[in-house]
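See structure below.
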Amino acid sequence: MPHFPVSLVEASSAGLIALVFDKDFHIVNSSGKIVASTVEGLGDDVKLAAGSKKGSVKSVAFSPAGDLFAVCTMDKGLYIYSTASWSIVREAETPKRANAVVFDPSGAYVLAADKFGDVVRLTAAPATDGDSEKPVVLLGHVSILCDIEFTHGDRPYVLTCDRDEKLRVSKYPNSYNIQSFCLGHTAFVTSVATAKFAVNNAVTGSGDGTVRLWDVESGELLQTVVLGDILAQYRESEQDQEKADRFGVLRVRSIEETNEFAVLVEDIPAVIVFPFANGALGTPQVIDIARAPTDMTITSDRLVVSYVPAAEGVQDAALVSVLKNADGQYVADDELNGALSNVHTLETNKVPAIQSIFVWGSKNFIERTNKGDQDDDE
Amino acid sequence: MADQTMADSNQPKLPQKRYFRQRAHVNIFNDIRLDYPLTPNDEDWSKLYPAYFRAPTTDTLGENKRPSSPAPEEQPAGQARKDQLAQVEFADIGCGYGGLLVALAPLYPNTLMVGMEIRTKVANYLQQRVEALRGFQHALLDKSQRGEHVDLETPLEAGAEELHDNGEIDRLVPGHYENIAAMRMNCQNCRKLFILFADPHFKKRKHKARIISTTMLAEYAYVLRPGGIIYMITDVKDLFDWNEEHMEKHELFERIPEEELKDDPAVPCVCNSTEEGKKVARNKGNKYLACFRRIEDPFEKE
């Protein structure tokens, strides 16, 4: 029987990596061993994490200190785990399904960005008896939110990107006060990354086939990288012209160790790594990976990539693999990949089809009959 | 006399409202095809305000065609700086058929105002109306240049709505309606923002579609410069209470006391000049007015 693919990967500052598949997740340590999981019976040294067991996991985040782990599910559940006990220390229902979740820089609050355009905020600390705090709205777009991130300056800004081409920069916690709008993308903005080495900048990825560098205070567009120029070789055999010209960014992440930004593109079996120097993105490295990816996270100088299911009949295809930085070049981390090859997800009769980001990113999505996307509200 | 006939056939015509009726509600959460600029710098304002903006040329595209410095404070009519430095400072959100803009145009002849209306037909009506009004003004200007008598002297009064709020077609007005325009849209550095007789969305589940909400107010605050004013009026008490509650709760707005509003020339227009406002007056309905000033963020002062 086939296994669920890993849909999301997220690393903590303490070196743990969350591998999310359907309604469950494994937590692996820096040597690739499972230390906690929502799946029972993996061994004595694996802590059992209570699962929500209802909706599929839509987004996850670790707190800056790595002591808490937040999980948002398709059925609007928001669960905060202690990474020491892997018990749920607080749970709440978000008003709408959250597409992205993040802790604020102090780790005191968790923020969920939802598909209705609102960002809600909830205390992160463990709930005491009778504490049934509900998330409160912090800010809102009239759009679908795709990602949320904080900048790393003395006065952090909260960045939210949406389906309608925008990146909004809001003050924090007084987020009713908008600092700027970063305008220039021509399609949905899927992912935003910030870095300690570039406190005034944000890098966004979009369905318009570009990666853009912004000055967050002014909203000024500083640089536009056209992915088609870098990735043309991967589309040479593509017959469908529309698909051949389409590059949709799945994820942008910063690599703090090496002052780089890594970009992952839907359907492209490669990771693009841009050096960041003198306030600009430099000439990128393009590193081949096994298959089309689903997500990517960074743990110190390593890139962890998860994959779409392998073609039928392919045995022992990796769920995730790791690239490490060897003298500036990214190469396969054979040791960690070996350990991760022992990590399996649950079996399933039918692997759920992974929906292209261009389906919901299309402006006609809401008017379309809700095929494949069961609307859980109203 | 051939000349005269020519002039008559070239007479501008005001559009007739009956050809532009559209139902009052639009579901704003549907994906609506809106034609909007990628960034504020990409907007070609010359289409809306030809007297104030040059059409963009390729070398100025995205650079100089948008105003970059604030327009000067009110100047006497006829001395407007009709160059690329003008900027839109008043926005009437949900302007409908444009009664307010047409009434305000001569009162603030050197201020550019935009009416934003989501109903396509209604927005088209207003733009045609503005263009027709400009046409009448041009004809009058031509006439005065030929030495014929044109009434330039009688001053306009803010309260004399029946005089000018349908638009002057037989006398010159300051600004010549070159300063107003309609956009089918849902601008920064605004001085005044008007939200007049908005769709009340009575049903509770539709409240989120109301034009004033805590999260939308952040966007209005963003486009208003500190000191800028939101004028809000409605005939629906329930909507007024909702708006008032949300506005008063918001950190970036403060209520303007009624005494201060007495001297504001825009207030009579707000109450009486819109088509909705007239309808309410005809039906002897109540009008609830509240105005709020955009203030500096108290949190940032700490």
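Any Cβ shown, glycine's included, is placed from N, Cα and C.
What TrEMBL records for B:58-83 is region 'Disordered'. Taken from TrEMBL, the feature S-adenosyl-L-methionine binding site applies to B:GLY94, B:GLU117, B:ILE118, B:ASN186, B:CYS187, B:LEU196, B:THR274, B:GLU275, B:GLU276. The active site annotation in TrEMBL covers B:ASP199.
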Cα-Cα, whole number of Å: B:ILE118 (S-adenosyl-L-methionine binding site) versus B:ASP199 (active site)?
12
Quick check on the recorded positions: of B:GLY94, B:ASP199, B:THR274, B:GLU276, whose CB has the lowest count of neighbouring CB atoms inside 10 Å?
B:ASP199
Take the Cβ of B:ILE118 (S-adenosyl-L-methionine binding site) and count every other Cβ within 10 Å, whichever protein chain it belongs to.
19
Is any of the binding-site residues B:GLY94, B:THR274, B:GLU276 within 10 Å of B:ASP199 (active site) (Cα-Cα), and if so, which, in sequence order?
B:GLY94
